[in-house]
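> Sharing a structure below in structure tokens format, with a few things to ask.
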Amino acid sequence: MSVLAPAGVLRGRAPALRLLRRYGVYLALGVLFLAAVLLDAGFLSAGNVRIQLFQVAPTLLVALGMALVIGTEGIDLSVGAVIALAAAVIPLYIGWGLPVALLVAVALGALGGLAGGAMVAFARVQPIVATLALMIGLRGLASLVNGASAKPVTDRALLTLGSDAFLGVPLTAWLAAACVALTAVLVHRTTFGRQLVAVGDNRRAARLAGLPVRRVLLTVYLLSGVLAALAGAVIVGHGAEADPANQGRNIELDAITAVVVGGTPLAGGSVRVLGTVAGALFMQLTAAVLTQHDVPASLTKIVEAVVICAAVYASQERGTR
Amino acid sequence: MTPTAPAPTATAPALGAETAAERLAARIQRHGALTVLALLVLLASVFSPGFASTDNLGAILGNNAFVWLLALGLTFVILTGGIDLSVGSMYALGGVLAAWAAERYGTWAALLLPLAVGAGWGCVHGLLIARARTAPFIVTLAGLLGARGLLQLITDEGADTHLVPRGSAFRALGEGTWTPVLISAALFGLGALLLTRTRFGATTTAIGGNEHAATLMGLPVARTKALVYVLSATLACAAGALGGARLGSGVTTVGVGYELTAIAAVVIGGTLLTGGSGSVGGTVAGVLLLSVVHNLIDRSASQYGSAVTDTVNGGFLAAVVLAQALLNRGRRDE
Amino acid sequence: TNQGDGGPSGHSAAAPDNTAAAQQVVAPSASAAGPGCTADAYGAPKLDLTDGRTVVGFSQSESTSNPFRAAETASIEAEAKKLGVKLIERNANADVNAQNAQIQDLIAQGAQVLIVAPENSDGLGPALAAAKAKKIPVLTIDRSVGGAACSDFVAFIGSDFHGQAEIAADDLAAATGGQAHVAVLQGTPGNNVSADRTKGFTDRLAAKYPNMRVVAAQTANFDQTEGQKVMEQLLQAHPDINAVYAENDGMALGAIQAMRSAGKTPGKDIKIVSIDGIRQAVQGVVDGQLVADIETNPRFGPLAFQSLKDFYGTAGVQPKVIIKDGHFGADNAKQALDQGLVY
Amino acid sequence: MAQAERPDGPAGAPAPTEPAAAESAVALAAAAPVLAARGIGKSFAGVHALRDVDLTLRPGRVHALVGENGAGKSTLIKVLTGVHRLDTGRIELAGREREFRTPLEAQRAGVSTVYQEVNLVPMMSVARNLHLGREPRRRGLLDLRRMHREAAALLLRYGVDTDVTRPLRELGLGAQQMVALARAVQVEARVVVMDEPTSSLEPREVDTLFSVVRDLTAHGTAVVYVSHRMDELYALCDDVTVLRDGRAVHTGELAPLARRDLVGLMLGRTLLAARERAARQVPDPGARPALRARGLSVRHRVHGVGFDLHRGEVLGLGGLLGSGRSETAKAVVGALGADAGTVEVDGRRLARRSPAAAVRAGVVLLPEDRKAEGIVPGLSVRENIVLAALPRLSRAGMVSRARQDAVVETFMARLRIKAASPDQKVADLSGGNQQKVLLARWLCLAPKVLLLDEPTRGIDVGARAEVRALIDELAADGLGVLLISSDPEELTAGADRVLVLKDGAPVDELTGDRVTPDDLLAALAHETRPGAGDEKTDDEKNGARR
Ligand SMILES: Nc1ncnc2c1ncn2[C@@H]1O[C@H](COP(=O)(O)OP(=O)(O)OP(=O)(O)O)[C@@H](O)[C@H]1O
Ligand SMILES: Nc1ncnc2c1ncn2[C@@H]1O[C@H](COP(=O)(O)OP(=O)(O)OP(=O)(O)O)[C@@H](O)[C@H]1O
Ligand SMILES: [Mg+2]
Ligand SMILES: [Mg+2]
């Protein structure tokens, strides 16, 4: 892929349009929210806002990791399977207390991420196939670990994490917010963040500049695995059941959509953390409005398709991949 | 050019050192999927009784031949550095449209309607990607949703199933083992010709290799990019229609996840996801390899349940791509 | 997906319950209406189902991570073991094309008779044709296929999905006094089972319960997590919902979770009826969270092999054999659980 | 095919006799302009790249376009050829007003371009690259055999003797440049634009290029020629337009303009008198070298190259295109997997072979292909400069903005990097300034050994003098410098010793009095005598200079 945007984009654009592009997601999010409230004033109620935050938290956690991976010109399809893995082990270790169960889940998530990262960094397998193999294999493994069937979860601490709120905001949303802040610092303020972006933008140059390219790639997939495992814990806690066969299915596509709607280019070389948050919220609101107004499944899909295209078009800076 | 121009010397001096063994090794590397496939078929024929039977091979070929066409279209898309996630949905849509049209208007409509809808839909993808410069991943992800939505809309949320009439000539297109295989083989052959022996094919590869350069060289970049998506969607819809002819109905739930299998097949076939390098022949090897692997895992691991099958499946896929990446290692610089 | 999941049934719980109650036939639909289908009529060679050399092929449609599928597979396996026949199996993981290929592969591996759990009612044409060409009888279980019985396939054994939905409507009406705002959690679109369960329910309401209004009908793909998400949204938009019909137990369990977090008491504020009969949901009936749970009986093993025996014997099989589904209400749920009748 | 219809076109006979060319040039001097651009203006996000520029091209004449890095030469060319759209002004082609919206339109109208960075498709075969978009066809399908035959024959005339079915990326940058050139000249063009075509060529190829240009003008084609090499300009060009800060400050015939004045016009100041090279003390051969390489081998490319590089020494690496100089440098820093060989820094052997390890040890490489291997295009100038030094400029992994800004300011000033601000994207800088950014990236690390692969590629006269002075200065400060350059003048002027490579193996070393351009050329020529494979090289030469 060429590093320079082709001719059409090199041409000057009105600054106003540029600004719109840069902040398009936020605008789209605002418009959608307004529309939702106009359609039904109940949308503003505290209960409703809380529900939306509950539902968006796991997707957002996964999307944060995905944004980092995408920043290195990669993609991680295995996040859903990592969630399944977390769902498989949490019931096994929850007897030891929530921290232990969380630690085991996160450690396994890290291992899963490392496996993908190693394939990408060392063997130079293309990320989409490396993580596709993991996606299939890890989900199978998850079912092997603790049986394929769903297990009810009764641990108080986990249920509290999954469904309680602090200051009216769900604990899971606080957790997601903390991860957002950490990710933002990581990307914008640390050496690692710079290296990540450089690796995504021009890998050969980054290597010749002496950057630890492999370590960056490994770390990024590892972080994605860790965040996915956290998301798994959140999903299990909120649903009060652990279902390795089904939990986390298709979440990778939701996360990728959120990241890209948020303005991070799939070609790598740039990560927009806040944009990702806006993207995830945007997709969540779309789904909420459609479900709450009882739109049939067929139309829901079509509307979502159109909305995704429009939002990405509005927020894209350049259109590679 | 003077017609008497001397024939070029075979290689640059520096390369004269390459030995025959190295050339063979390079050849095996270049056709990694084919090599693995050949080995696997050989081993399976020896160790898995009944694998090499005509019935089993016929089952592998006949039932998958149309699905493989998705990988053919994707090869072109991926060569430009793009991606098409909508092929699975388009496959299902093609089947439903064909059955619906066959029920009502007969064979020709059953063939033409899916082609027309596929081309139109692909055109929308192409314009959004090539003209509006929206990321292919997202456009076709929306396509995946949209096509599924449309197909549910025309089947009353999936409640209606349209059947291809029993006597319809349309059914003949999908019957048996050899009709599907021949149709697919012919299309793959045409695809190979299109890729290697036309300007369209050359432009496709050039765009993936260096889009900026392709633009500066004055190649019709936007048009070719758009056409590639038209080709992919049309092929997927046609494959779905033919699949519908084979199944005898427009199955609404079919095709879920086919895009990922097709992408895996293309990549295993040696086409770079970043574009610019790949071949139709590689894709053929890729789809065959995946089908054979699935067949073998089915035969040997089915009785242990889905979890084991999935784990083995993922492990095998990882092993294959790893083996390939390692084989390819020597070829890449850095 | 025929059933969702949830339910602690796994492999251990799927130990087939081959009790008489479990395999009782409700309606060999043409009860005495005519002679059943036999091997002679079908044109199949005779086969001894107790001979260890007999090879039976079983094609499962969906992943056994689904408790219904796990129980169904285990039941078939157990019965085959009991009879001493050789069983070879395949799992199509919800892909019609794969199932076609796998059935043909089963034939290639020497299966002499096939038991098929079809992924879809339509779309197994190529496999059925291949079997027919080799004169291999095909018995379909849990979902029917298109075509003619005793010609394209031997017979169909399974539940009456339409009927299940009607019972669910009756139960819900009884629990709400025929006055309700109902939310319907639908199964996967395009799946015959969810289509039947939707149609059966709405038809029944239209016919018998004019005061029960469906305020929202959304798909949750037979999935518990999705069921919870959809229910959470619906409760926000329609606080007046007081009844829920879930087309499988998984979605019902998700809905219960959603009601709890919305501060409503399932069973009191909102009445729920669901279909499938997995352990966790039946426990919910015992606990008063669900009004009733209609079973979808997965224990096809004994009935399937008995039908095949009839097929090779003189009795013959009727084209449509409806398996008896349990009906767990407040009165019998506890007993059923205690007796281990629940999968 | 163009060349088939025009059997004696430039491709067919790249080297006509000189008098014919001169004659036609005189005859055409007064002819009507083939392309006239008036009042061209172009700005990017507030930066005025071009303001009110006029350019007139006449058939059969070579028009030099000169100016400092970032003066707007490439931008002007891109505006003329449809890559950028112009903000103001108009373009007339053969008296008719035209505006090209795409490079394709420009090409169709007869304006053919070789862009500054090689713009070909690296993974496609050489032949395909040469013919892309106008492949010969037979019965609707591409005629591959003819394509390969024609490509091989055509390239042979440009001194590139290679298997045209190999992927282009396997060729050295210089050879790629020749392919790009052959491709551009192949079409029947009224105007051929060349943006620094010789920046990665060495003398033999430059001669080939000159003969191509002369042949073009003999056939009445107008040529725009951009170069920072004064000798070339005076040898080849008839007219000149000098750009400074986006304005045309002078237009006229080149010959009457003295070199000094030309440079003065470009820089807006007079260039410092050529610096006397500081007499460096000859390093003690017994001392421990800063860098010692032994027996470096890369399959098919480099065979047993070894050298010692002392502190304060500039070692030149000479050779023809494809002689393996770049590969040697890459093998030293571990960017290429070496099959054999060791590298020692200050007597300590580098165990792990990777660029990161080399950087830690103080050995850094400025790569020749800055676009593919140097810049990180999406990042700003600031971020590109501090990229490698980040770990040293940060505390506990957190980037310190202040320390970073201090470094960036220092080096932007010291190297005179011309950018709107440190926040400007590097991709938007002119080629020369990008090169300076890369130099800054390494200098702020204070390395022990600097490997420079074509460091002045695409750098303007002023900056070139600065870079040369800088190399001297660095060496004087005790750095060991390995200098690779295709310009014999530059190589011998800058280096204390020159190691000559051929086909990946060392064949000669020039020391002391022998470090002169003539000796270097002689060393290269000498080595082409014996051996079987070398006859081919002779043929190439004859082919090129026939
Ligand atoms: N796409 C762009 N966006 C913003 N600024 C640009 C862009 N392209 C060029 N510029 C600016 O325009 C000016 C002229 O650049 P140009 O590439 O034309 O210089 P040049 O004369 O070719 O220099 P060199 O000799 O180094 O190649 C520079 O200041 C550069 O930063
Ligand atoms: N003129 C040519 N003809 C054929 N092959 C060539 C030519 N020039 C370069 N090559 C090929 O390019 C390969 C790499 O060359 P390399 O980059 O090492 O050379 P270099 O000495 O650095 O020259 P350059 O000045 O191009 O950087 C060589 O192995 C050779 O196969
Ligand atoms: Mg320039
Ligand atoms: Mg070089």
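Every residue gets a Cβ built from N, Cα and C, even glycine.
According to TrEMBL:
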type	residues	note
TRANSMEM	B:32-51	transmembrane segment
TRANSMEM	B:57-78	transmembrane segment
TRANSMEM	B:108-130	transmembrane segment
TRANSMEM	B:137-155	transmembrane segment
TRANSMEM	B:175-195	transmembrane segment
TRANSMEM	B:226-245	transmembrane segment
TRANSMEM	B:280-297	transmembrane segment
TRANSMEM	B:303-327	transmembrane segment
> Does the transmembrane segment (B:32-51) reach the transmembrane segment (B:137-155) with at least 3 CB pairs under 8 A, where each pair is 6 or more residues apart?
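Result for the transmembrane segment (B:32-51) with the transmembrane segment (B:137-155) is no.
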> Any contact between the transmembrane segment (B:226-245) and the transmembrane segment (B:303-327)? By contact I mean 3+ C-beta pairs closer than 8 Å, pairs at least 6 apart along the chain.
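The transmembrane segment (B:303-327) and the transmembrane segment (B:226-245): touching, no.
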> Cβ under 8 Å, sequence separation of at least 6 from the ends of the transmembrane segment (B:137-155): give me the contacting residues as numbers and ranges.
83-86, 88-90, 92-93, 96-97, 100, 121, 124-125, 128-129, 161-162, 229, 233, 250, 252, 259
> Using a Cβ cut-off under 8 Å, which residues of the same chain at least 6 positions beyond either end of the transmembrane segment (B:175-195) come close to it?
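Same-chain residues near the transmembrane segment (B:175-195) but 6 or more away: 58-59, 61-62, 65-66, 68-69, 72, 75-76, 79, 201, 204-205, 235, 242, 245-246, 279-281, 283-284.
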> Six or more residues beyond either end and a Cβ under 8 Å away: which residues meet both conditions relative to the transmembrane segment (B:303-327)?
28-29, 32-33, 36, 264, 267-268, 270, 289, 293-294, 297
> Are there residues at least six beyond either end of the transmembrane segment (B:57-78) with Cβ under 8 Å to its Cβ atoms? List them, or say none.
84, 87-88, 91, 136, 174, 176-178, 180-181, 183-184, 187-188, 191, 194-195, 204, 208, 228-229, 231-236, 238-240, 242-243, 246, 258-259, 261-263, 265-267, 269, 271-273, 275, 278-280, 283-284, 286-287, 291-292, 295
